[in-house]
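J.: Supplied in structure tokens, the structure appears directly below.
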Amino acid sequence: MAKREHQDQTGDSRPSKKSKGTKDTKKNTEVSPPYFQSPALDNVPQTEIDKFLSDHSIKITDASADKPSLRPIISFSFLPPSNKDLYAPLDGFASPTAIQSATWPLLFAGRDVIGIAETGSGKTLAFGLPCLKKVLDLKTKQKSCRPLAVVISPTRELAMQIYDQLVKFAEKVDIQVACIFGGVKKDEQREALKSAAVVVATPGRLKDLQNDGSLDLGRVKYLVLDEADRMLDKGFEQDIKDIISPMPVSKRQTVMFTATWPPIVRNLASTFMTSPVTVTIGGDPSADPRANSRIKQVVEVVKPHEKEQRLVQILNRHQRGTPDKVLAFCLYKKEAMRVERLLRTKGFKVAGIHGDLSQQERFRSLEAFKSGAATVLVATDVAARGLDIPHVKLVVNVTFPLTVEDYVHRIGRTGRAGADGHAITLFTETDKAQSGALINVLKAANQEVPEALLKFGSTVKKKQHDAYGAFFKDVEPGKAATKIVFDD
């Protein structure tokens, strides 16, 4: 019975041998071969599939079908056939993550996909492996400065991280990947683009190279918008539209990954995607922000002048013996610089990352922290989204961020890839406007709410806008003004 249900769900994932589509695929190198679901996956009992979806809180919404069309790939052994070397780096992993399991079959089948999941859930491989397989399957000769796949990321650090992960797989099958971002000279990037089939880039630099003729996006068959909500928050909406405009529509597969699902992100998806399947891991993404339940959250209410002394005490406790990696967040660049200097005078191995540092200095700080040369990284929110720094045992919020969403993103640097995490937040009276929202996050994750925090009140104050009031997030942003110059 389970097998029959599966056949109903898979639709055209198993075309007949007489299918003309198969013959056309051989002739047309611009089209990927169809996705064939593993026979071994066919034989998995439906009850086991249902349990997997339930245990991982996976919701799949497909407007073009009544039910999810394909079964999740719950084991690496169920991956579709490809160059065996492409999958070789997976030997270091036990099993796919929830977002990988749910999105892989859809992406391998060529569907447009919206993935909504917390950071640290394995999203890079979720879109990265199908990307590389598609490039292999197309079997087209690479043309200079005309990539087949583009991944757009909001920050340089995240772009570098995506690049590093993709290269581990791409180099096994001789696929060239280029990483493009601002803050460095363009000449080396132009040279890398000549042989790159896959380009990972930030919107600003990608648009620059596109505008000056260094890059032709007319052959792109696979487009990824990673951390889409973050890119829109940073004001890149028009840049993204300009970048996508010359890309082919009919033969392009578009993938969007996001941690939240506000109206502005939904509008972007409706503009550039074709009948997308939405895969949600966890609760309602449009609801209040929720923290990773594996993270132990501790909130300490302190006086503003006590914060730095308390930070030193916390670090002394966590840096004994085998020192833990600790990520300390500050709100402002000057504050981060001051805290970094303080910790260095106290004998801690510390590095910093914030907007005043050059690109090379930021690289060095991240590498020092990743390698263990520095065990404390002091950062502003530039590092709060997307960075996958392994084995961060503790996040300390020296100063509470401007929004509770940023709080959730900050503490998401720990407790990644299934590990447990720990976050300590130093909360002061100046942060009391955020107390209600923070209390809700703590309660939703079954964390202790200190009495001192409750005294600030549990009311959640809605964000206000001068023109739109409390409903500004649901209002379509106005079109940017055009500068008009009149003759004398």
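Just so you know, glycine gets a Cβ as well, placed from its N, Cα and C.
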J.: What range among 138-141, 226-229, 338-341, 446-449 does Swiss-Prot record as motif 'DEAD box'?
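T.: Of 138-141, 226-229, 338-341, 446-449, Swiss-Prot gives motif 'DEAD box' for 226-229.
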J.: I'm validating the feature mapping. Which of 92-100, 110-118, 380-388 is tagged motif 'Q motif' in Swiss-Prot?
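T.: Checked against Swiss-Prot: motif 'Q motif' maps to 92-100.
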J.: Just to confirm: which same-chain residues, 6+ apart in sequence, have a Cβ under 8 Å from the Cβ of Lys123 (ATP binding site)?
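T.: Expected: Ile99, Gly115, Ala117, Asp226, Phe257.
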J.: How does the model score the motif 'Q motif' (92-100) in terms of mean pLDDT?
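T.: Here the predicted model's pLDDT, averaged over the motif 'Q motif' (92-100), is 91.
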J.: When you scan the chain for residues with a C-beta under 8 Å from the motif 'DEAD box' (226-229), skipping those not six or more beyond its ends, what do you find?
T.: 123-124, 127, 151-155, 158, 162, 256-262, 265, 268-269, 385-386
J.: Take the motif 'Q motif' (92-100) and find every residue of the same chain, 6 or more past its ends, with a Cβ under 8 Å from one of its Cβ atoms.
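T.: Here the qualifying positions are 56-58, 73-76, 115, 117, 121-123, 125-126, 129, 279, 281, 417-418.
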J.: For a three-state summary based on DSSP, what are the helix, strand and coil counts in the motif 'DEAD box' (226-229)?
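T.: DSSP classes over the motif 'DEAD box' (226-229) add up to 2 helix, 0 strand, 2 coil.
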J.: Summarise the motif 'Q motif' (92-100) as counts of helix, strand and coil residues per DSSP.
T.: 4 helix, 0 strand, 5 coil
